[in-house]
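All remarks here apply to the structure that follows.
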Amino acid sequence: MSDNRAQFLEVFPSLVQELRDILAGYGMPEEAIEWYEKSLNYNTPGGKLNRGLSVVDTYALLKGYKSVSELSAEEYKKVAILGWCIELLQAYFLVADDMMDQSITRRGQPCWYKVENVGDIAINDAFMLEGAIYCLLKKHFRTEPYYVDLLELFHDVTFQTELGQLLDLITAPEDKVDLSKFSLEKHSFIVIFKTAYYSFYLAVALAMFAAGITDSKDLKQASDVLIPLGEYFQIQDDFLDCFGKPEDIGKIGTDIQDNKCSWVINVALKNATKEQRDILDENYGRKDSEKEQKCRAVFNELNIQDIYHKYEEETASNLREKIANIDESRGFKAEVLTLFLNKIYHRKK
């Protein structure tokens, strides 16, 4: 485990204790406090923690530190708490998403609602994971001049993510295939709202507020790169689900059988002949590996892989141009954005 990740994980137990103390202060019985603690520990720290860690990394960069190790203990704890607030937001979304999708496993363990005795209580547990964000922000940031900015940022990004989720759920229900509902424009809206805001913009905006870079022009400079970057990231994900090697991506792609409104199917629909369209209409979104292969054959006929590689190079080039024109006069740093782009450009997993 990387040192950065280990140091970040060390902060979490103290936050769980603070949340326990809040419940105890309300006179909550111990069994309920233990339930909440179990939910926090089961659902929050298990992932890659990329979003949370990038708050810390971005803050260090904006403040001019050579590495995270140069932060004082107090400074580190503060930005790590903001990072953990994103991880709590992610946990809240995932617990709810897994119920909506009737998923079985998440991060190599049973989904929370599938754990013995949890079931539908997971709905309330999801709400309580979201509530934890605001408990922690109040305790640690209430006296900061940017406190209201943090609250608005979390509220706005949460609602934007839910809007993306709504459009996704009504566009591509697993049990009712209707490809006429799909389009590249709709796909773009879904991925920007469902993924880009909370996975890319949120971490950088939080680090900016903590570092005192709060001019709306700088927040706009960040979002103007990070939102299209987040869209590019999700398009990569869609592409890899279909064309990535299972040994690279660590899973077998299921988007075709799951009727996902993915970039791949939308590009195919845009370019398909009448015959190819009929094949996709009859075979996409069916739990049948032969039908999946028929879709894949159409994707190959349409040279989706070539279209993707052209898209990737054009997008990366556009983003690099935007980054080159960043105005750093108020303390924002283009390097933050370069690091994000370099992490995902040409990724295989």
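Every residue gets a Cβ built from N, Cα and C, even glycine.
As annotated by Swiss-Prot, isopentenyl diphosphate binding site applies to LYS48, ARG51, GLN90, ARG107. The Mg(2+) 1 binding site feature in Swiss-Prot is assigned to ASP97, ASP101. Residues or ranges marked as Mg(2+) 2 binding site by Swiss-Prot: ASP97, ASP101. Residues or ranges marked as dimethylallyl diphosphate binding site in Swiss-Prot (evidence: similarity to another entry): ARG106, LYS194, THR195, GLN234, LYS251, LYS260.
Here the features listed in Swiss-Prot are placed on the structure.
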{"residue": "LYS48", "record": "isopentenyl diphosphate binding site", "Cβ neighbours (10 Å)": "9"}
{"residue": "ARG51", "record": "isopentenyl diphosphate binding site", "Cβ neighbours (10 Å)": "21"}
{"residue": "GLN90", "record": "isopentenyl diphosphate binding site", "Cβ neighbours (10 Å)": "22"}
{"residue": "ASP97", "record": "Mg(2+) 1 binding site", "Cβ neighbours (10 Å)": "17"}
{"residue": "ARG106", "record": "dimethylallyl diphosphate binding site", "Cβ neighbours (10 Å)": "19"}
{"residue": "ARG107", "record": "isopentenyl diphosphate binding site", "Cβ neighbours (10 Å)": "12"}
{"residue": "LYS194", "record": "dimethylallyl diphosphate binding site", "Cβ neighbours (10 Å)": "23"}
{"residue": "THR195", "record": "dimethylallyl diphosphate binding site", "Cβ neighbours (10 Å)": "20"}
{"residue": "GLN234", "record": "dimethylallyl diphosphate binding site", "Cβ neighbours (10 Å)": "21"}
{"residue": "LYS251", "record": "dimethylallyl diphosphate binding site", "Cβ neighbours (10 Å)": "11"}
Largest tally of Cβ atoms lying within 10 Å of a Cβ, found at which of the binding-site residues ASP101, LYS260: LYS260
Nearest recorded site to ARG51 (isopentenyl diphosphate binding site) by CA-CA distance, among binding-site residues ASP97, ASP101, THR195, LYS251: THR195
Rounded Cα-Cα span from ASP97 (Mg(2+) 1 binding site) to LYS260 (dimethylallyl diphosphate binding site), Å: 14
ASP101 (Mg(2+) 1 binding site) - helix vs strand vs coil (DSSP): helix
Nearest recorded site to LYS48 (isopentenyl diphosphate binding site) by CA-CA distance, among binding-site residues ASP97, ASP101, ARG106, THR195, LYS251: ARG106
Mapped DSSP class for ARG106 (dimethylallyl diphosphate binding site), helix or strand or coil: strand
Binding residues ARG106, LYS194, THR195, GLN234, LYS251, LYS260 (dimethylallyl diphosphate) - maximum C-alpha distance in whole Å: 22
Euclidean distance between Cα atoms of ARG107 (isopentenyl diphosphate binding site) and THR195 (dimethylallyl diphosphate binding site), Å: 18
Candidate nearest ARG107 (isopentenyl diphosphate binding site) in space, where candidates are the binding-site residues ASP97, ASP101, LYS194, GLN234, LYS251 and distance is Cα-Cα: LYS251
Shortest C-alpha distance to ASP101 (Mg(2+) 1 binding site) - which of the binding-site residues LYS194, GLN234, LYS251: LYS194
Spatial separation of ASP97 (Mg(2+) 1 binding site) from ARG106 (dimethylallyl diphosphate binding site) - C-alpha basis, Å: 11
